[in-house]
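The structure under discussion appears below in the form of C-alpha cells.
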There are 2 protein chains.
Amino acid sequence: MDSPAPPPSAPSPSASSRPAVDAASLLDRLRALGRVGRDGAGRLVRLAASDGDRQGRDLLVSWMRDAGLAVTVDRIGNVTGLWRPAGTPDVPPVVIGSHIDTVIDAGIYDGCTGVLAGLAVIEALAAAGVVPARPVAVTAFTNEEGVRYAPDMMGSLVVAGGLAVEAALAVVGTDDSVLGAELARIGYAGTTEPTALRPHAYVELHVEQGPVLEREGVAIGAVDSLQGISWQKVTITGDANHAGTTPISMRRDAGLAAARVITFLRERAAASNTPTVATVGCIAFEPNAINVIPSHASLTVDLRDPDEDRLREEEAALAAFLDDLAAAEGVGVAVERLARFEPVAFDPAIVGLIEDAARRRGLSCRRITSGAGHDAQMMARVAPAAMIFVPSAGGVSHSPREATDDAEIAAGAAVLLDVVAALAGV
Amino acid sequence: MDSPAPPPSAPSPSASSRPAVDAASLLDRLRALGRVGRDGAGRLVRLAASDGDRQGRDLLVSWMRDAGLAVTVDRIGNVTGLWRPAGTPDVPPVVIGSHIDTVIDAGIYDGCTGVLAGLAVIEALAAAGVVPARPVAVTAFTNEEGVRYAPDMMGSLVVAGGLAVEAALAVVGTDDSVLGAELARIGYAGTTEPTALRPHAYVELHVEQGPVLEREGVAIGAVDSLQGISWQKVTITGDANHAGTTPISMRRDAGLAAARVITFLRERAAASNTPTVATVGCIAFEPNAINVIPSHASLTVDLRDPDEDRLREEEAALAAFLDDLAAAEGVGVAVERLARFEPVAFDPAIVGLIEDAARRRGLSCRRITSGAGHDAQMMARVAPAAMIFVPSAGGVSHSPREATDDAEIAAGAAVLLDVVAALAGV
C-alpha cells in the first residue's frame, strides 16, 4: 500500500539504548559454522550426532557462554541458551529456535541462520541493557533434517511430546548407528527432560528454501502456515534372474516396478494444478549387479501438501497404484510409514507482529506457506508460534549453491529482534 | 527323427577300458566348491579375485594336482590344468573351459559345472588308460561374471587377444580395488602369457540359465550361436534441491530421468516381438537423501540380441531417447560403454559332434542360442568352439534357486566326454 507507514512505536526502548543486531558478527559466525563438518571432498555433511555435529555444537555452546547465557542440554540433545537478566522474573521464556544439523552436501544457511540470529537478538537486547518482562532463550534442536535418523524435526517433536524420548534415542540410523549411543559419544546426551521446555511464544527465522520471495522481490515472508508432510518407504520384491536368458514376459523385475512408482508420482503431481509435490530421493536395488534382474528395490516417497484432505488423497492414490503394480508386475510391495505431519496454521498474533515489524522497518513483506518442514511446526503444538522467511537465491536449498544475501539476513534478524522484543515485553 | 540310432562308434576305446565319467565325484566337488565363498548371510559371493575366489581356486588347483595335471596360471589369473600322458605329442590341446567366479548371491552351477566336468572328463580318459592324439586341458577363466570388474568374460577375452593383459590388470573395480593388485594379493598373478593358449578346439559345458530346455523336456542343448551383448553406464546430472519447496515445474530431477530410462527400455522390449532383452541391474542416486531431489543418478543398461543389426538398432533407439530425455527433463546425460560383443556363431563340426554324442547316448537334443555371455564366445575367436547346455530348473540363474538335476549334469558330462574324446583323437 502507498499510505505512509505509521511512526515507530514498538519496540519501545526503555531508558536503555535502542537494541540493534550486530549483523557483521552474525554473518561471521554463520560462515565460521559453515566451515565445520566438511567431508574429505569439502562437502558440508554435518549429520545429526556425527563428529561434525559435535564440532558445530561445541562452537555454538562456546558462543552462547560468551554471551552469558545459561546453557542446558536435554535428553534428546537439544541445546538451549537462556537469557534472564537481573529483574526479569522466572517465567516461561520467549524461545527462538532452529537447528544446526545439515543434509549431505548442504549449504550453510538452512537452520543455522535462525539459531545464530536468535543468539544475535539476545546479545542485542542484553547490550541495550533492557530488562524484559520474560526471559528469552535460543534453542538448537537435534536432527531436524532426518537424513541420518527418521523422523526429521525429531528434537522439537520430542519437546512437543509427539515422540517419547526413549523411542527417539533408540532410533537406528541409515548407517546402523543408534541415536542415543551417538549422542552420548559426542557428549550431548543431556539430562533435562525435553518436555520441560514450554515457551511463552516461539519464533523461528529461516531461509525460504523456495523461489517465491526472490521471484516476487519480497524481503520478508510472514509464514502463516506449513505444508503437511508424508514420508514412506516402499520395498518391492521380485525375482533375481539372468539378464540375458530370461524373456521379458517371465520377469518379476523389482527395479522396473520401482521406476514405475517414480514416474507415476511425477505424472500425477504434474497433471494436478495443486501445490502437491512428490519426491523420490533414495533408491537401492539388490543384488545391484549389471547382469542380474533386481530381486529387491527400495525407495522413499516424500509427499507434501498444505491441505490435509488433499495430502490424504495423494497417499490413497499411491496405495492404490502400488496394489495395481503388485498385480501387474507380479512383485511383492511393502510400505513403511517413516513420518507423517499434518499441515500447520501458525499463531495469527505473531504473524501480525512480523508484518508490523517489517512495515515499520520499511521492508516488503507477504504472507507465505512453508513448503518445508520446520521445528516451528512441532513447537506450535505447545506454544503460540510463527516463522520469518528470508529469500533463497534461485529457491535453491539442500545444496552448496544455497545462498541468501547478507543484507537479507540482516533484515530478517532485525524483524526477529522486533518480534521477540514485543513478545518478551521489552 | 525316429530312425534307429547308428551303433556306437565314437568314442572308440583302445586296448583300454571304455572311459566313463565319475558323476558322483563330479557332483560332490560341485557342492564342495559351492560351500566356498559364502558371506555372513550365507550368500554365495565368490567375486573375481576376492578372498572367496582365492579359496575356490585353491580347492580347484588341489583337485587338478590330485588328478596329475600340470597346473599353470597366466598373467590374468586363468588357471589351466594340462593332461598329456606319455605317448601323446606336444601339440595344441583340446581345451575344456568355463569359470568359478560368481555373481552376488549366486547359485552353485553357473560356470563351476563346466570346469569340474572338464576335470572329470580328463580323469575318465586317464583312468581308462587311453593315449589321445592330442593333450587335453581344463581352464578356469578369471572374472567371467564381470560383477566386480568390467568387462565380463575378461580372462577369455584376454586369451583371445581382445583386451591387452596390462589394460585388464589395471581395471578398477566397483569397490575401487585394482584387479592386478587383487590377483597378486590372492596369489593368482601368474607369469604365463594368456595369448599362449591356442587350443586345437574348445568345448564348454554350462547350465542353460534359461527356461527353454526344461520347458521342452530336452536333455542336451547343442549351442550353435550366442547373443550379442551391449553394456552401457548412463550417468544423469540434474539439480539437488529441496523436496518440499521446489515446484514440480522447476525441478531437474536426475532420479526421475533414470526412472524414465528404465520404463522406456521395458516398453520397447515388451512391444517388440524379437528376442531382444533389456535390463537395468544397477542404480544409484546422489545425494540419496529422502528430502532432497537427486542431483545425480547412474544406472547400467544390459542389451542383448542374437542379431547384430537389431542390437545396433536397440542401442541407437536408446541413444535417441537419452537425447530427448536430456531436453525434456533439463538434465545432463553421459553414456559410458562398458562392454560390447557381437553375436557369435559356433563351429558347426563341433556342434555336430555334440548332436551325435547325444543321439548315441539316447539323450534328447536340440540346437539352441545362448542368451548369456560365455567364455566360449571369446575362445571362438582363436579356435573352433561350441557349447553344451543342460537344463536350468525354471530357467533360474544368478540366484540361490539356480538348480540342475544330478542326472542332467551327469548326462551333460557324458556328452562332453564323448565330444572331447573325438576331438582329442582317442
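In case you wondered, yes, glycine gets a Cβ from its N, Cα and C as well.
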Task: Stretch carrying region 'Disordered' according to TrEMBL (options A:1-21, A:190-210, A:358-378) - done: A:1-21
Task: Site-mate of A:His99, A:His206 for Zn(2+) 1 in TrEMBL, selected among A:Asp74, A:Asp110, A:Asp224 - done: A:Asp110
Task: Composition by DSSP (helix, strand, coil) of residues within the domain 'Peptidase M20 dimerisation' (A:226-326) - done: 40 helix, 32 strand, 29 coil
Open item on the list: Checking the contact step here: among the binding-site residues A:His99, A:Asp110, A:His206, which have a Cα within 10 Å of the Cα of A:His398 (Zn(2+) 2 binding site)?
Closed with: A:Asp110
TODO: Please average pLDDT over the domain 'Peptidase M20 dimerisation' (A:226-326) for the predicted structure.
DONE: 94
TODO: Other Cβ atoms within 10 Å is the metric here; tell me which of the binding-site residues A:His99, A:His206, A:His398 scores highest.
DONE: A:His398
TODO: Just jot down the residues in the same chain as A:Asp110 (Zn(2+) 1 binding site), at least 6 apart in sequence, with C-beta under 8 A of its C-beta; none if empty.
DONE: A:Thr102, A:Val103, A:His206, A:Val207, A:Gln209, A:Ser397, A:His398, A:Glu402
Task: A:His99 (Zn(2+) 1 binding site) and A:Glu145 (Zn(2+) 2 binding site), distance between Cα atoms, whole Å - done: 9
Open item on the list: Around the Zn(2+) 1 site formed by A:His99, A:Asp110, A:His206, list the extra residues of the same chain whose Cβ is within 8 Å of the site's Cβ centroid.
Closed with: A:Ser98, A:Tyr109, A:Gly111, A:Cys112, A:Thr113, A:Gly114, A:Val115, A:Glu144, A:Val207, A:His374, A:Asp375
- [ ] Using Cβ atoms and a cut-off of under 8 Å, determine which of the binding-site residues A:His99, A:His206, A:His398 neighbour chain B, and list them by sequence position, or give 'none'.
- [x] A:His398
